[in-house]
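Features of the protein shown, as given by TrEMBL:
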- 232: active site, charge relay system (ACT_SITE)
- 324: active site, charge relay system (ACT_SITE)
- 358: active site, charge relay system (ACT_SITE)
- 203-409: domain 'BAAT/Acyl-CoA thioester hydrolase C-terminal' (DOMAIN)
């Protein structure tokens, strides 16, 4: 009997959807190796492998059988995706064109040899970033350069603005996946895209105010409340939006955020917020570890860079990687909590993830432990361990959806205060 490899759902699935992977037709207790590979738009290969042993019936179900070694070990049904590693150093899996799926090839090889034995079975599976019926609408209105993702149907949907960090360009994958869960999400570029500035030199908040106004007047966005989600530099921009453009912003998710304005100055009307400085001489190795390089925003010379988050109207959800080596996300979350409580505001939700680095992506993205920083142009250590990071990403994804579902309900935002 020939071995067969089955992947469910059959043929295709959304990227954030778990897979059921099973092999049948093996010999009883036969040792096999499973391999996975995908190729990104730049041609870089991402690979993972794990060694298994079939049961007494010659079957293997990754939901029940622990991996015996390889890229991961133990019971990890989705390990062949999140444990993928690139074949070039400091490379990160990024999905720029969400209209095309990642094609994942899975193989079953006989034995546990490092180079693999005879191929016994093969399957190809498409991982999509737009659920059936999700609409992708390019936005080129005024100065705004973005893409709006709308869920299926003709109703109104809770609105979210999605900001990535210093990676630049237009990042659509998180927005497109969230749209599959019932949200209208605007993936917003702010540099290195089309006619936007090529480099991140300074930031004018009026641009983001224009994007907010665009969302509020869209007929399929359920006002008057809008949510924000941002990571890294995008997170401190979300903090600035919540603080200075506070009307109508009622829920903000901050993934590894700094409580100060970072990298470049921020301008809004007559307001000027300088960037938090850093001392690159504190780096102790060739691979840049930025965690201890940033100046303390609470010290008087740097105090002007602090974002007055206590002016925000809506609640915050901080998602914090405890092994973030881009900056001290855990310390900044505690500063935010103390500052809000000192002003009589509710304590924000803070979720700490052990052994988790800077890049908390949607589920099953391989965590980039070290990457080339798009602004600094050097290899930077992001931190984290793949297994812990994969669990953090899965948990964070559920918390993000629950948070937005709770607070983007179309009602008048409540004034949050302990007084």
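Cβ coordinates come from backbone N, Cα and C, glycine included.
All features noted in TrEMBL, drawn onto the structure.
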| residue | record | CB count, 10 Å |
| --- | --- | --- |
| 232 | active site, charge relay system | 27 |
| 324 | active site, charge relay system | 26 |
| 358 | active site, charge relay system | 28 |
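Counting only the Cα atoms, the space from residue 358 (active site, charge relay system) to residue 232 (active site, charge relay system) is about 8 angstrom. Residues belonging to the domain 'BAAT/Acyl-CoA thioester hydrolase C-terminal' (203-409) score a mean pLDDT of 92 in the model.
A gap of 10 Å separates the Cα atoms of residue 232 (active site, charge relay system) and residue 324 (active site, charge relay system).
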